[in-house]
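Over in TrEMBL, the protein carries these features:
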DOMAIN    A:85-281  domain 'ABC transmembrane type-1'
TRANSMEM  A:12-39  transmembrane segment
TRANSMEM  A:91-110  transmembrane segment
TRANSMEM  A:122-144  transmembrane segment
TRANSMEM  A:164-181  transmembrane segment
TRANSMEM  A:202-227  transmembrane segment
TRANSMEM  A:263-281  transmembrane segment
Amino acid sequence: MAIVIDKSQRWRIFAAHAFLIVLCAIVIFPLLMVVSISLRPGNFAAGSLIPKSISLDHWRFALGLPVTGPDGRVTQPDLPVLLWLWNSVKVATLSATVAVLLSTTAAYAFARLKFARKKAALTGLMLMQMFPTVLALVAIHSIFSRIGHAFPAIGVNSHWSLVLAYSGGIALHIWIIKGFYESIPPEIEEAATVDGATPWQAFWRVLLPMALPILMVVFLLAFIGAVNEYPVASILLHSQDRLTMAVGAKQFLYAQHYLWGDFAAAAILSGLPVSVVFILAQRWMISGLTSGANKG
Amino acid sequence: MADLQFKALRKSFGDAEILHGIDLDIRDGEFIVFVGPSGCGKSTLLRCIAGLEEITSGEISIGGQRVNEIPPSKRGIAMVFQSYALYPHMTVAENMAFGLKLAGHSKTEIQAAVLRAAQILQIEPLLDRRPKALSGGQRQRVAIGRAIVRKPGVFLFDEPLSNLDAGLRVQMRVELARLHADLGTTMVYVTHDQVEAMTLADRIVVINQGRIEQVGAPLDLYRRPANRFVAGFIGSPKMNFLTCSLVSARDTDATVRLGDGTLVTAQVDARGLAEGTPLTLGIRPERLLPEATGGEDTARATVLVAEHLGDTVFLHIQGLEGQGQITVKAPPETPFRTDSEVHLRFPAKHCHLFGPDDRALTRLI
């Protein structure tokens, strides 16, 4: 850091910091607000950021523990929040795994193999993914209800139907991974081929280990996408014990009575799996895995 | 151990034909160098041997077996890439063991083979490192090590030294020659550097625009180039070419006239060509004699630039009528400097003549 700096630079740095601090505050405010609401007695969305008194009732409710009302009556929570959370984690893990499996192989084909209409296929994938899912809801529902007649395990109101539906949305992942593959010199796989590897071994033992960071990114994106997804989940899942968190949380909001406090506690809970997966995935998102292959 | 044969090998990418019918026999244990300008198809030919490119027509045999339809992994070859192409996620030892592991060798066998190769290449202390912790020269050694552990029938080298600095390149060149002497395996080496070709090869294959121009031992190519392309490509600085016309042809030599009227005699068989036929006179820079005073059969010219390299002086000469620039390689004590006047003498036994079709006329020495 030996670059000579102009004096006005100090003011610019100060201004930049001030701007960033304000920006951070704006970003963090909603999160703090949700935490505050979940700790506040009663179900009010408005109010000050720092609660006047703290109540853990909403958290007890979210965690499925009995709540004692102000009149001394003990009520059992009627909504299975933890089960929804588990459903979300299950569906998200499965669909992210399927997405990674499908998109790594598809991206390999697009990046390395020669076949007719490659460009058209790639563009087509992208175009189709650009239409909002909502447009296809009717179709998705009728497809899965039809499948359900033959195979109830993957019909409407099953988690597998959701996993299957999410696995269709991998066009973007294919593009991301394809871009990464193309940054890896093909000679490395050619070297493996000459070393005696079959195309599958060259892919599995040489290319994939180098692509690990991007696979983690794609897994994470797919996981977050599945946890947050609402439209498809809301039409494919019906019974209360099958709902995912995103769909189930809607039930806190009765037409006449919005349970903001319980909703806030559940919302924070639903952020947990994403955070855990992110922390786990981060260990593998190391840069520079491909350095050293070439002359450098 | 294996020999190699090409029969009428052609390779096209789409409509563009890159190799136009290659016929060549490579003997078992031979060190063959493919040399040619960039884009001539030499690397493509090597990739065809490896099986990394399908050939369009013709036949390739390795060790007497037709391999056209055999995948790279089953051809009994090993290849060293220009970019090294090491596996970055594996240690040096794992890089070298990869091929053997795929072939299902036992752990002790693999360990022994890797250790032996590491000893040959003096990379034992590096075995536990990853490629990114190695220097360019070390990576190159690992790439070669990865090739030799598999004991292939044929080694393929694709410009392996072009990414190294000058000093290291000379050192690795010597080691490659040493390696070939020790292993005695057939080696096919691609380069655009004619010095590597001259020093390493048992035989050189000069390729230009997808065709073989000449095949032969390095000194044969140097002394008796088959045509103007080979004459210009082999040797550094390159051979001087001067346009001339035939004056007379005898049993022992031929006389030609340069554009400025100078008569030059060459020990070349030009009989059968008509008097006045336009020819090209070729002479190597180290064979041209610069003289201070003009005599009979010398051409007068001016030194454009004199480059002193310490052990030699390159005189770049302009001024022969109707000719391009000429280079003379002179000893360091030469009196000529930039802008000196110089008289050039063409010794008859060092002159080459090329016909109107650029083919060399037979030399009579």
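Note: Cβ is positioned from N, Cα and C throughout, glycine not excepted.
From a predicted model like this one, the values you see are computed outputs, not experimental measurements.
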Using a Cβ cut-off of under 8 Å, list the residues of the same chain at least 6 residues beyond the transmembrane segment (A:164-181) that approach it.
91, 95, 98-100, 102-104, 106-108, 110-112, 122, 125-126, 128-129, 133, 140, 144, 154, 207, 211, 214-215, 217-218, 221-222, 225-226, 229, 232, 236
Mind pulling out the one from A:12-39, A:91-110, A:122-144, A:263-281 with the most Cβ pairs under 8 angstroms to the transmembrane segment (A:202-227)?
A:91-110
For the transmembrane segment (A:263-281), which stretch among A:12-39, A:91-110, A:122-144 has the most Cβ pairs under 8 A?
A:12-39
Using a Cβ cut-off under 8 Å, which residues of the same chain at least 6 positions beyond either end of the transmembrane segment (A:122-144) come close to it?
110, 154-156, 161, 164-165, 169, 171-172, 174-175, 178, 231-232, 235-236
